[in-house]
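Presented below is the structure to which this report refers.
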Amino acid sequence: MPLTTADEGNSSSSSDSSASTNDSVDTLRPSDSASIPSTTTPNPWPKYFEQELFLDVNTAAQHAKYHVYLTPPKDATKGPLFICHHGAGATGMSFACFAAAVRKEMPGAGICSLEAREHGSYVSASPPSANEEILDFSIETLVHDTLAMIEGVKQRQGWKTLPPSVLIGHSLGGAVVTRIAANGTLGAQLVGFAVLDVVEGSAIEALLHMKTYLASRPSSFASVDQAINWHIRSRTIRDLESARASVPSLLIPKDDRWVWRTDLARTQRWWEEWFTGMSGLFLRGRAAKALVLAGTDRLDKELMVGQMQGKFQLTVIPEAGHFIQEDVPEKTAHLMIEFFKRNDRSSLVLPPKVSDLLAQGKRV
């Protein structure tokens, strides 16, 4: 499929778009304070989703309380259901404005935004009273958690089968959904999967700068408003409404301050594992494939060859930063809706069989 460059949007930051994954991880560009609106009041989840689910899943080894935001599709047999997985350090609210944009353009669509362990979901050793949190961020475990959440949502909603779905993963979430698609776990109900701003080569290269980034960002904030303002000033997030929706969920109160919910340094031993082998798995995924990037230089060799062979849809949005779905939610929503429509086989009308026509006395 040809490379597509998305049209210029309403973002005022297109000229300062980060040009590589290294930029999006390691470079913070201060913005002109005069351009930052003074209203940084947080936006709560009910503005974007219909339901907030807490799914208890118990096994002999662990107790999980998974956290999911959901707006069910109007017709579960037709879908679509966009199942979203955030990146490391983010939460399900990273897809809040995307969810609102999807429903605005396609009112019957559903959106399910999942939260990984220590990002909103909580997993501890069994029994729950042990209160011993399990530190395991291996990619296999994250995939298991994701499938458990999808199955939990399906059961809670009373769906006999999963609605026709599109998996969407940002950064680390892209690595998770890629493995699910490559394994074929969701079967024919998976119409396609989309990866937002992550490819194997540049992601592994960017990990060299992750410690520097974590050390350079504030360790705490005096208020949630201050945290929202920092995300806009540093251009970590480039859309104010997205920041107002997602940033509050990134923080927890501690000693009259607001600190990061997720301690990313604790996950360091798994960083490289998340992305190793991702390009090959992406190309082998058992569904339609889409890759949405903020810069063409993010493509590694394996994906460049695959793109030239038409194995996946590639779209570049140069005015966005690393958090594409937050920086340009309307544009991302439109891309995903069109991606679903283009690959949904349930709407195809097949011609009548010759035997049926003959039985009706018609000439063929």
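Residue numbering: from 1, along the chain as shown.
Cβ coordinates are placed from backbone N, Cα and C, and glycine is handled just like the others.
As given in TrEMBL:
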ACT_SITE  Ser171  active site
ACT_SITE  Asp197  active site
ACT_SITE  His322  active site
COMPBIAS  1-27  compositional bias 'Low complexity'
COMPBIAS  30-42  compositional bias 'Polar residues'
REGION    1-43  region 'Disordered'
Let me check the 10 A CB neighbour count of Ser171 (active site). How many other CB atoms are there? 28
Rounded to the nearest angstrom, how far is the Cα of Asp197 (active site) from the Cα of His322 (active site)? 6
Rounded to a whole number, how many Å is the Cα of Asp197 (active site) away from the Cα of Ser171 (active site)? 6
One finds that other Cβ atoms within 10 Å of the Cβ of His322 (active site) number exactly 27
I'd like the Cβ neighbour count for Asp197 (active site), meaning other Cβ atoms within 10 Å of its Cβ, all protein chains included. 27
